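Have a look at the structure below before the remarks.
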Amino acid sequence: MAVKYELIKECKQSGARLGRLHTPHGTIETPIFMPVGTQATVKTMTPEELKEINAQIILSNTYHLYLRPGHELVEKAGGLHKFMNWNKPILTDSGGFQVFSLGDLRKISEEGVEFRSHIDGSKHFISPEKAIEIENALGADIIMAFDECAPYPADREYVKNSLERTTRWAKRCKEAHRNPDTQALFGIIQGGMYKDLREQSVAEITALDFPGYAVGGLSVGEPKPLMYEVLDYTTPLMPKDKARYLMGVGSPDCLIEGAIRGIDMFDCVLPTRIARNGTAMTSVGKVVIKNAKYTEDFGPLDPNCDCYTCRNYSRAYLRHLYKAGEILSGRLVSYHNLYFLLNLMKDVREAIKADCLLDFRKEFFERYGYDL
Ligand SMILES: CCCSCc1cc(N)cc2c(=O)[nH]c(N)nc12
Ligand SMILES: [Zn+2]
């Protein structure tokens, strides 16, 4: 078995659970946050720095790597682990979502999607079989099925047709998958914001018996309470003995709320993206370092953080780097933001162990400035 989820403990206070995800490149403690390395790099971080902050698994993107440098080149280099010098677990998304969100989508049909590259406008076509061929070539430990993520909002008819096509595509992905013993193919549940359609998608996708499942079609612009409501009725229907991955999520509050609802795996570009724009997630809420009030603030970015950035640099220095357009600005704040989210998930795991995740949420929300 390429990937095996081991349920360790269910939280007595919530739907959260502790688990271990065993993969060919190592075991992952869940719930876990997965840094995103879209183009075979977690932007501005070296693999050594990612290991320093205890990143256990990183993501990469089929859509981007297919367009550049090409999956054949990565395969020739010995696969993604060797190419990017990362010897721990990797997960790749299937590209469907990125085609819809990035590519200039020309046409979607039962066969697949035709689109123009966001890089040079060249025409491409990706089918479920093509997506799996690319992911097999990249060699990630966990690969995602090719799905259609309905936009938000979308009418019921559209969402129903889209989830049913996603199910047919999932079957084709499973048939096309060359390496089920070394690469775990996860199915993706769709169904938009409709309870009966989510139930239908869970039934259809889990009937295909994948080693793990993702909740797709969320974090697409819907209000957070609506995302939580969809999770309230979706995750309890998902197999307890398989990992559950909430795609594209998220901010500190969403990670905690998702874990409370039984999600094991999260990913989001937020920590590195906002870092490049001078924004840090800290134990006392967001710090927008470019703000003039930090000009002569010689204290650490986060007084309660022991990461390399917070131990060695002041807010005044980080503000200077940002204003001067120095590359080091994005690096140091990215390092801290990733460390912050990875540590948040460590605290979540501790709270599940102690059956006090709801108490932890209350304390964290008050400190960070979220409304409960
Ligand atoms: C590297 C990026 C992974 S998550 C991208 C993503 C994000 C969100 N929000 C939804 C989806 C989805 O429904 N399907 C797929 N394949 N991907 C999604
Ligand atoms: Zn820090």
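A Cβ is built for glycine as well, from the same backbone N, Cα and C atoms used for every other residue.
Heads up, TrEMBL stuff is auto-annotated, nobody curated it.
As the structure is a computational prediction, the values presented were derived from the model and not from experiment.
Features reported for this protein in TrEMBL:
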type	residues	note
ACT_SITE	ASP93	active site, proton acceptor
ACT_SITE	ASP267	active site, nucleophile
BINDING	ASP93, SER94, GLY95, GLY96, PHE97, ASP147, GLN190, GLY217	substrate binding site
BINDING	CYS305, CYS307, CYS310, HIS336	Zn(2+) binding site
DOMAIN	14-368	domain 'tRNA-guanine(15) transglycosylase-like'
REGION	248-254	region 'RNA binding'
REGION	272-276	region 'RNA binding'
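Tertiary neighbourhood of the region 'RNA binding' (248-254): same-chain residues 97, 218-220, 224, 227, 263, 266-268, 270, 281, 340-341, 344, 364-365, 368, 370, selected by CB-CB distance under 8 Å and a gap of 6+ residues from either end. There are 32 other CB atoms within 10 A of the CB of ASP147 (substrate binding site), with all protein chains counted.
Proximity of the recorded positions ASP93, GLY95, PHE97, ASP147, ASP267, HIS336 to ligand 2, judged by a Cβ distance under 6 angstroms to any of its atoms, singles out HIS336 in sequence order. Only GLY96, ASP267 of the recorded positions listed as GLY96, ASP267, CYS305, CYS310, HIS336 bring a Cβ under 6 Å of any atom of ligand 1; the order follows the sequence. Ranked by Cβ neighbours within 10 A across all protein chains shown, the binding-site residues CYS305, CYS307, CYS310 are led by CYS310. The Zn(2+) site is set by CYS305, CYS307, CYS310, HIS336; from the centre of their CB atoms, other residues of the chain with a CB within 8 Å are THR282, PRO300, LEU301, ASP302, ASP306, TYR308, THR309, ARG311, TYR335, TYR339, PHE340.
Remote same-chain partners of the region 'RNA binding' (272-276), defined as residues 6 or more beyond its termini with a Cβ less than 8 Å from a stretch Cβ, comprise 35-36, 42-45, 330, 333-334, 336-338. Cβ neighbour count for HIS336 (Zn(2+) binding site) (all protein chains, 10 Å cutoff from its Cβ): 27. Report note: the substrate site is defined by ASP93, SER94, GLY95, GLY96, PHE97, ASP147, GLN190, GLY217, and the residues of the same chain whose CB lies within 8 Å of the CB centroid of those residues, excluding them, are PHE100, MET144, ALA145, PHE146, GLU148, CYS149, THR166, ILE188, GLY216, MET247.
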